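Let me begin by presenting the structure, written as structure tokens, before commenting on it.
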Amino acid sequence: MADQAASAGAAADQAEARAKAAAEAFDAPVDLLAEKDLYKILGVRRGATAEELKKAYRKRSLRHHPDKNPDDPDAKPKFQKVAEAFAVLSDDKKRLKYDRDGDCDLEDVDIDQFMNMFVGEMMEEGGMVDEMMQTALPWRDDEEKMAQFMEENIAKQGKNWVCKLDGKAFSNKRLMHAHFENTYARECEDWAKEQVSMMKASFESFMKQLTGIGDNSGEFLLPDGTKADMSNVKGVPDLRSHFQRKLDRGKEQDKILELYRKVSAEDSDFVPETQELADLLGLEEGVAEDLKKDKKRLLKRLKRKIDEFNDEEEEEAAMMEMNGGFPGLDEFGGFDGPGGLLGGLGLDPSDPEVMALLSGMGGADLLGGLGGGLGADLLGG
């Protein structure tokens with residue numbers, strides 16, 4: 001109970017912080033005609049949720065609508081820029097591409113935006129999760145897939161089995177199966193795609209709650225369409241803190257590199273601020289004051305720091321390769337499929353919510369990946 005209360009309190013604080021950040025972003029002054037940053041044009045924080053985007057767009061578009069501003073010759077281009085910004089940011093794929101390839105200063109990236117990019121890259125079409133889903137299908141081959149589709153669309157009436165799709169009756173399932181194979185191959189494929197889509201939506205819902213970018217309900221979608229409460233899941237790792245450390249390290253690395261470029265530039269007489277140097281290199285102010293007076297020593301110390309960052313990145317890249325190339329989860333161990341991923345994150349395989357999530361996402365191999373042969377028990381062998 002204490003853990004649930006703490007979780008609820010943390011969620012409330014997070015929601016309040018988001019609301020404050022959203023209000024500050026919307027009220028920030030912006031020149032719509034000159035501004036190129038889509039987030040600033042729309043007046044939202046970089047980690048804005050879909051609901052925040054819609055709310056900001058409604059307010060911005062109403063404020064700058066040409067009909068409401070007949071005396072403003074710039075009303076139409078302003079309105080169009082707001083609409084264009086919303087068109088990109090409200091589309092998950094376009095937003096991901098903009099965040100990844102657009103003009104984006106790391107200093108401006110907040111943890112919600114970072115987590116959105118992280119989950120977005122996982123879930124994008126043809127990405128890692130799509131590949132994992134192929135190892136987690138609830139059927140082993142086309143015959144099993146057709147059998148499952150058939151079971152959902154037949155009913156027993158007296159001694160016969162009746163097809164719910166066309167009303168035809170057969171004395172046994174073997175004949176019914178042949179009827180489905182001859183008549184409903186395309187419908188079976190459509191049904192299979194829908195099953196995979198539901199599995200993926202469930203996994204995405206879970207990952208969004210796990211990374212703190214889901215809605216404020218704290219619930220995630222299960223493959224059968226029902227919902228489960230994240231607060232009931234045991235052993236949830238603090239991914240946000242993990243990635244916040246990575247984000248902070250990236251910002252620190254950018255500052256060190258920029259400082260090195262300024263000091264090492266030919267004919268440069270740039271001298272860094274003592275406090276900045278002390279903070280970036282972890283020095284006492286007196287040591288930093290002496291260091292900044294000696295350009296050769298300063299460059300050597302900055303180069304050492306850069307080498308430390310590079311060594312860390314090489315170690316992380318090696319760990320990523322061991323973990324199947326999954327970015328950022330080197331501290332949580334390897335994985336094989338969605339079950340292995342969640343197990344690698346430290347989630348309890350006996351947890352009912354985790355079992356419910358995974359039981360709708362595949363067979364024995366997937367759940368067995370969590371240990372203990374759970375697949376056979378849950379799926380009946």
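Heads up, the Cβ atoms here are built off N, Cα and C, so glycines get one too.
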Ask   = Which one of these stretches, 224-255, 288-319, shows up in TrEMBL as coiled coil?
value = 288-319
Key: Residues in the compositional bias 'Basic and acidic residues' (67-77) grouped by DSSP into helix, strand and remaining coil   = 5 helix, 0 strand, 6 coil
Task = Determine how many residues of the compositional bias 'Basic residues' (56-66) DSSP places in helix, in strand and in coil.
result = 9 helix, 0 strand, 2 coil
